[in-house]
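Novice: Here it is, the structure in full.
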Amino acid sequence: MPEVPAAGLWPFLLLLAVQVSTVASSTQPWHCAPCSAEKLALCPPVPSSCPELSRPAGCGCCPMCALPLGAACGVATARYARGLSCRALPGEPRPLHALTRGQGACVPEPATPTASGLSSIEKEEAKASMVPERVPPESAEMTEEQLLESFHLMASSSEDQPILWNAISTYKSMRAREMADIKKWKQPCRRELYKVLERLAKAQQKAGEEIYKFYLPNCNKNGFYHSKQCETSLDGEAELCWCVYPWSGRRIPGSLEIRGDPNCHQYFNVQN
């Protein structure tokens with residue numbers, strides 16, 4: 001899904017909450033923008049003490065030191081070392097919420113003793129069964145976190161999932177089940193989210209279409225806006241974020257648009 005952690009999944013991705021039904025299509029998924037020689041030249045050196053290099057999280061270009069066993073991890077952190085995966089801590093009541101905030105832990109990948117004798121379909125089913133708090137396809141409670149960051153952390157360290165493609169595929173799957181009738185949705189953020197996905201789905205059909213920056217409304221589970229909104233960047237740059245009113249999505253007057261955390265709670269503390 002092209003998150004976006006600060007440089008790209010940055011947000012991402014979508015992670016682990018939504019299981020998408022495969023949608024047959026001749027179109028190609030959008031991937032991260034290629035890393036130019038200029039961008040690579042700006043990368044800081046990796047410490048010589050680093051035991052294992054890892055691809056950058058999200059759409060970044062600079063190699064990073066892979067996270068070791070037991071290290072804190074999440075959507076916007078470095079990737080974990082080979083043989084590990086990022087999981088919410090045992091007993092965590094909101095696994096997805098914790099992982100999107102870097103509150104997971106690097107643990108050994110669950111063993112699959114009989115994997116060699118399984119078909120590809122059975123392997124995928126076994127993999128999906130390890131996803132905590134999976135949201136069934138019939139669920140209409142899909143936020144930006146679930147759409148954008150699913151399939152990011154739960155993928156093995158060797159996989160590179162096209163995040164935006166998964167978000168659009170999820171949307172198409174819902175439309176196929178006649179579950180995303182925008183006219184019936186009253187919540188403002190949810191309505192805008194599906195309108196944006198509809199536009200992206202249409203743009204994806206155009207041959208040669210390249211989109212490296214876009215905006216997906218960040219909705220809460222009730223269909224209203226999170227006060228912090230960010231663009232999604234697939235070109236390795238830090239995402240721009242800003243603050244909005246949760247009930248309308250309108251920009252808060254005087255709030256800044258910055259690359260990083262705009263600390264939106266400060267505006268509500270002042271007003272209250």
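Glycine residues also receive a Cβ, built from the backbone N, Cα and C atoms like all the rest.
From a predicted model like this one, the values you see are computed outputs, not experimental measurements.
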Novice: Of the candidates CYS35, CYS43, CYS73, CYS86, which does Swiss-Prot name as forming a disulfide with CYS61?
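Specialist: It is CYS35, per the disulfide annotation in Swiss-Prot.
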Novice: Of the listed cysteines CYS189, CYS241, CYS243, which one does Swiss-Prot record as disulfide-linked to CYS219?
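Specialist: Between CYS219 and the options CYS189, CYS241, CYS243, Swiss-Prot records the bond with CYS189.
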Novice: Would you mind reading off the Cα separation of CYS35 (disulfide bond) from CYS189 (disulfide bond), to the nearest angstrom?
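Specialist: For CYS35 (disulfide bond) versus CYS189 (disulfide bond), the Cα atoms are 33 Å apart.
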Novice: By a 10 A CB contact count over all chains shown, which of the disulfide-bonded residues listed here is most packed: CYS35, CYS61, CYS62?
Specialist: CYS61
Novice: Need the DSSP three-state call for CYS59 (disulfide bond) to compare against my parser.
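Specialist: Its secondary structure by DSSP: coil.
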Novice: Rounded to the nearest angstrom, how far is the Cα of CYS61 (disulfide bond) from the Cα of CYS43 (disulfide bond)?
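Specialist: Per the Cα atoms, CYS43 (disulfide bond) and CYS61 (disulfide bond) stand 8 Å apart.
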Novice: Quick check on the disulfide-bonded residues CYS50, CYS65, CYS73: which one has the highest count of other Cβ atoms within 10 Å of its Cβ?
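Specialist: Answer returned by the neighbour count: CYS73.
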Novice: Just to verify a number: CA distance, CYS65 (disulfide bond) to CYS73 (disulfide bond), in angstrom, no decimals.
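Specialist: With distance taken Cα to Cα, CYS73 (disulfide bond) is 13 Å from CYS65 (disulfide bond).
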